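Q: I have a structure I would like to understand better, so I am pasting it below and will then ask my questions one at a time.
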Amino acid sequence: MTIERTFSIVKPNAVAKNAIGSIYARFESAGFTLVAAKMLRLSREQAEGFYAEHKGKPFFDGLVEFMMSGPIMVQVLEGENAVQRNRDIMGATNPANALAGTLRADYADSFTANAVHGSDSIESAQREIAYFFSDDEICPRA
């Protein structure tokens with residue numbers, strides 16, 4: 001197995017529910033190590049830049065508004081096959097299709113307010129990590 005890093009966001013609806021600690025506990029119980037984390041409130045420029053690949057899609061404006069609606073937590077998770085394992089823990093993007101026990105089944109409110117974001121590939125993880133963290137903000141713990 002390969003040790004990877006993946007990027008994750010706890011979205012505004014999950015932060016508003018005070019679910020940060022519960023979500024972090026799930027990450028750690030699954031064997032992930034948090035190597036970087038911070039809370040922030042996205043500006044329009046940050047939200048549009050982060051989701052630029054979705055610009056022009058029908059859900060883009062609503063997603064940007066939602067991501068600006070409150071504080072978020074951004075974090076870097078490290079572990080074996082981190083990208084795929086985090087996606088498994090999150091559950092389906094549409095919470096109506098998320099398996100019981102996944103983060104989205106437990107904390108999502110809707111397709112947009114689906115509690116968490118996670119990178120979909122190693123390449124996306126690298127790009128997304130670099131969007132929010134400088135190299136000196138990442139603290140390997142092993």
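Each Cβ is built from the backbone N, Cα and C atoms, and glycine gets one as well.
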Q: Given that Swiss-Prot assigns Lys11, Phe59, Arg87, Thr93, Asn114 to the ATP site, pick the one from Arg5, Arg104 that the record assigns to that site as well.
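A: When Swiss-Prot describes the ATP site, the candidate it includes is Arg104.
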Q: Which of the listed binding-site residues (Thr93, Asn114) has the least company, meaning the fewest other Cβ atoms within 10 Å of its Cβ?
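A: So among Thr93, Asn114, the binding-site residues given, the one with the fewest Cβ atoms within 10 Å is Thr93.
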Q: Using a Cβ cut-off under 8 Å and a sequence separation of 6 or more, which residues in the same chain sit near Arg87 (ATP binding site)?
A: Gly118, Asp120
Q: How far apart, in Å, are the two Cα atoms that lie farthest from each other among Lys11, Phe59, Arg87, Thr93, Arg104, Asn114, the residues recorded as binding ATP?
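A: This binding site's residues have a maximal Cα-Cα distance of 21 Å.
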